[in-house]
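S.K.: Below are the features listed in TrEMBL for this protein:
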TRANSMEM  B:16-39  transmembrane segment
TRANSMEM  B:51-75  transmembrane segment
TRANSMEM  B:96-123  transmembrane segment
TRANSMEM  B:135-155  transmembrane segment
TRANSMEM  B:167-187  transmembrane segment
TRANSMEM  B:224-246  transmembrane segment
Amino acid sequence: MLGRCISAEWMKLRYSHIWAILVALPVISVLIGCANFYMNQGVLTKEWYSLWSQVGLFYGEFFLPILIAICCAYIWRLEHLNKNWNMILAAPVPSAGIFLAKWIVVGVLLILVQAFFVLLYFIGGKTLGLNAGLPQELPGWLLRGWTAGLTISSVQLARSMRIRSFAVPVGMGLCAIFIGLGMYVARLGLFFPHSLLTVGMGVLSQTGLSCGENPVFWLMNILYIGVINTGAIWRMRKHDRVA
Amino acid sequence: MGLVGLELYKLRRKRLFLMVILFLAVEIGWAFSATSISISRNPGSAGWEALIAMMSSMNGLFLPILTAVCVSRICDMEHKGNTWKLLLTLSVRRGALYAAKYVTASLVVSLACLIQAVAIAGFGFMKGFEQPVPVLLLLRFLLGLVITNTGVIALQQWASMTAKNQAFALALGMVGGFVGVAADLFPQGIRRIFIWSYYTGLSPVTQSYASAHIQFVVRDMGSLLPVMVALTAVGMVVYLAGSVYVSRQET
């Protein structure tokens, strides 16, 4: 049943042109990050690590969370339009299937975005003449970034399901970015979804997570995803929807 | 005027103003905490100029996105409710409807700017700045914001009205926010092209890195005046182009 829900979600996205946004935002992040790296090569001397600090800052700190917010808002917008709530809730599929299908689709889109971003990072680095090998931490940054992205997706999907407006959940997502940045500065980065992305992707510090921090990172992501997804599905089952 | 009143009436249960206030609370909180840290590290830097410069640079990031959200909210209710046809059966021109939405968006965003100016004055007063509240600087700060907003709102409205999928309009706002915050890193020739760079470009106070310390320099109004006039003209052109384009579009 979940497979059929996912397939339906893919079909809904077919003519949405959402791919244009998924492609454009990483390109802008990498372009600006590379330009900044090129202009400050005297200070940024750690080759790939320095380049990551530049491109990752814009991408992981600002663009990716908002990109996730836009994707989640779009994926629920289709249900908020044309009284589709009535139709989808009358379909012979469980509420969990509907919500999880959307969450999985956003997760797959995030994999594509992450892959595209790392490709651009590699091309950018090579164009700038970086000859050393790629950082060993790169797969870890990407995987942790994707996991934290899933956590943010849960938050945004739950918000966008509840709020009928397209723009408001995106705006709230932006506010959350700054709260996350504050949490990171206060050394509480492992306890807030948006700062989990900052920590996981090594956006502001490339030193990596310690042995104690790593399990906390995964635990917090699982906890957030579990609680928020369960809460959203429960709400979908128990509360009436205004179509 | 009646049309603007109706637009505001439609917004009454949309909680748009609540969202604007929350958004501003985050921005103002962030700007003030950064300024407080700066003052505690360097008490000599306590002054209105630093505060206005900080708020201007934060506006480069926040206002394009706030504008995108507000404009999208105002335009999307017609897409979502499928009410364009209903509106167009009334005896009003499409251009007038477009203008009403533009004026409404401008009022909401200008109110946000006014709240910022009041918050700046309040913060400086609380921190016990030695100089009196610089009314003229704050007015210039507001003027710069309003002029930049005229163009940004026109652009966002065009995007929000043309594409039903608001993801594009919000992505545009996000790119704008990014350009706004990074504008000072661009060469001047490139910076001039982007309308979002004028949030800092028209700020009455700028930062100078001539010596080891950051210095805040109050800009001469005469040097900003031609830019303000040119930007207003650009805003009007974008507005007219958007209005004509949307008026000819089939709904």
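Cβ from N, Cα, C; glycine included.
No curator has checked TrEMBL annotations; they are predicted automatically.
Any idea what these are sitting next to in the structure?
M.R.: Outside the transmembrane segment (B:51-75), and at least 6 residues removed from its termini, the chain residues within Cβ reach (under 8 Å) are 7, 11, 14, 16, 19-20, 23-24, 26-28, 30-31, 34-35, 38, 101, 104-105, 108-109, 112-113, 116, 120, 123-124, 137-138, 141, 144-145, 148-149, 152-153, 156-157, 160-161, 166, 169-170, 172-174, 176-181, 183-184, 196-197, 199-200, 203-207, 216.
Sequence-remote contacts of a segment are chain residues at least 6 beyond its ends whose Cβ falls under 8 Å from one of its Cβ atoms, and for the transmembrane segment (B:96-123) they are 3-4, 6-8, 11, 16-17, 20-21, 23-24, 27-28, 32, 35, 48, 51-52, 55, 59, 63, 66-67, 70-71, 74-75, 87-88, 133, 138, 141-142, 145-146, 149-150, 153-154, 156-157, 161, 239, 242-243, 246-247.
Counting same-chain residues at least six beyond the ends of the transmembrane segment (B:224-246), those with a Cβ under 8 angstroms from any Cβ of the stretch are 94-95, 98-99, 102, 140, 143-144, 147-148, 150-151, 154-155, 157-158, 161-162, 195, 198, 201-202, 204.
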